[in-house]
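Working notes for the structure below.
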């Protein structure tokens, strides 16, 4: 190049924007991604081994949703002491039940019975004339259709909102865990964060199997997710931080698929191990084996470099080169071990910037709604799947398994038809299926199941696409903060989702209609934002505001 030729330079001239960018690229410090692309390999056997190893903790992180089965709603009715029922373990549907309990469209009432007159019958004969049938009273005790739930053990009949609180507290814990795991991960390393999270998940989950009352069960549910829900994020970091840029979307989809596999495993174990306490033990005891990862997994190179632990970082990089059968040059190694000093950047006021930019303000008001809808519908469909029919375990397994083709579809079409079409299409498909599901007659079991699964497929496509599209709408300076803000507000959806089964007391279709309306709203809001396919990631606010205009398109790239 001419840079190496000793010539007399012409008078200085103003550099074009393209020249400035090319010069900044030439002079930028060497980054780990550069070494992965050019020397170590973006995806070799070392990265594959890491992904296979962390697949187990990702699968285990799904086990914290076992409340879907251990706190499952079970059919119940009032005890009838006048006819010899003095406990929970009597025939749920005796031949005389409608003599004592009012009939409803779904069978008979769960929370009311006819008022007693003072006369008595027996378990064999409980005639209608011993009740004051024009009057009803609330239940004093309950008889349950089955006993495999905390609802039976802790006598939670007709306390549907209290039962649903288990799922809500679990989602609250996933919000509380973020600063805890973030602190441990940044200060003590990704590996330590993973081991601590898995240990807490396993230990607190195991203790919950011995809950003596519902309060203890709820407290342990909150503690488990607060101290153990960092398992997924910690494991995901190991999968993603050492793959090259070309493979990050696929790696992310693979990690999400492993979580879906974990949910399938959860459904299978719950199906095979029916007593809920034994089911919890069967899920959590094997998780203790993951503690050996402390001696198997190498610490994240990115974390080691950021903490200037160069001796350990060099050893890991040399191991990556050896396992991948590639190389890392001494020049690259030295560049990574001796980064240039970081210049302190003056932070601008993000709140003022948002309110000064109407484009940015609209996006900040829009993207959190996408996240709320996605988590609300995603978790709501998983939780409500157990009430589809009597085969609740199979329904749950199918509802979780359909996520895997949903993730794969998103990966295949995001770069072909665009972000907007993928995201809005996923929202609209899920919304249409949910609204239709609410009005399909209950006797059409197969049709209902197919429509339900298509709804989950649609929201799974959204789940994979959402992170990417949200990131591409914000400028580099505010991207992480505003993405985290959208995700945090989105937790409202996952916190609310476990409460939706309680709404079925008023009409079975209420949760599905809510999912559908939210999906329609978010799908329409997606259409208000610019397409980002074929555009460069905005570095400045001006570039972010220009998205959708011709100048934002990549030129020749």
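The count begins at 1 with the first shown residue.
Note: Cβ is positioned from N, Cα and C throughout, glycine not excepted.
Marked as compositional bias 'Basic and acidic residues' by TrEMBL: 11-22. The feature domain 'Major facilitator superfamily (MFS) profile' is assigned by TrEMBL to 121-534. Taken from TrEMBL, the feature region 'Disordered' covers 1-22. The transmembrane segment annotation in TrEMBL covers 161-180, 192-210, 216-238, 250-272, 278-297, 360-381, 393-414, 421-440, 446-469, 481-500, 506-527.
Long-range contacts of the transmembrane segment (216-238) within its own chain (CB-CB distance under 8 A, at least 6 residues past either end) are made by residues 50, 53-54, 57-58, 60-61, 64, 67, 71, 150, 154, 165-166, 169-174, 176-177, 180-181, 184-185, 190-191, 193-194, 196-198, 200-202, 204-205, 207-208, 252, 255, 259, 297, 300. Cβ atoms under 8 Å from those of the transmembrane segment (278-297) belong to residues 50, 53-54, 56-57, 60, 63, 66, 69-70, 191-192, 194-195, 198-199, 201-202, 205-206, 208-209, 238, 266, 269-270 of the same chain, restricted to positions at least 6 beyond its ends.
Among the listed stretches 161-180, 250-272, 360-381, 393-414, 481-500, the one sharing the most Cβ pairs under 8 Å with the transmembrane segment (446-469) is 393-414. Comparing 161-180, 192-210, 393-414, 481-500, 506-527 for CB pairs under 8 angstroms to the transmembrane segment (421-440), the maximum falls on 506-527. The transmembrane segment (481-500) is in contact with the transmembrane segment (360-381), judged by 3+ CB-CB distances under 8 Å for residue pairs 6 or more apart in sequence. On the 0 to 100 pLDDT scale, the domain 'Major facilitator superfamily (MFS) profile' (121-534) averages 86 in this prediction. Counting C-beta pairs under 8 angstroms (sequence separation of 6 or more), the transmembrane segment (506-527) reaches the transmembrane segment (360-381) with 3 or more such pairs. Touching of the transmembrane segment (393-414) and the transmembrane segment (161-180) is ruled out by the presence of fewer than three CB pairs under 8 A, sequence neighbours closer than 6 excluded. Counting residues 6+ beyond its ends, the transmembrane segment (161-180) has Cβ neighbours under 8 Å at 64-65, 67-68, 70-71, 73, 150-151, 214, 217-218, 221-230, 379, 383, 488, 491, 494-499, 501-502 in the same chain.
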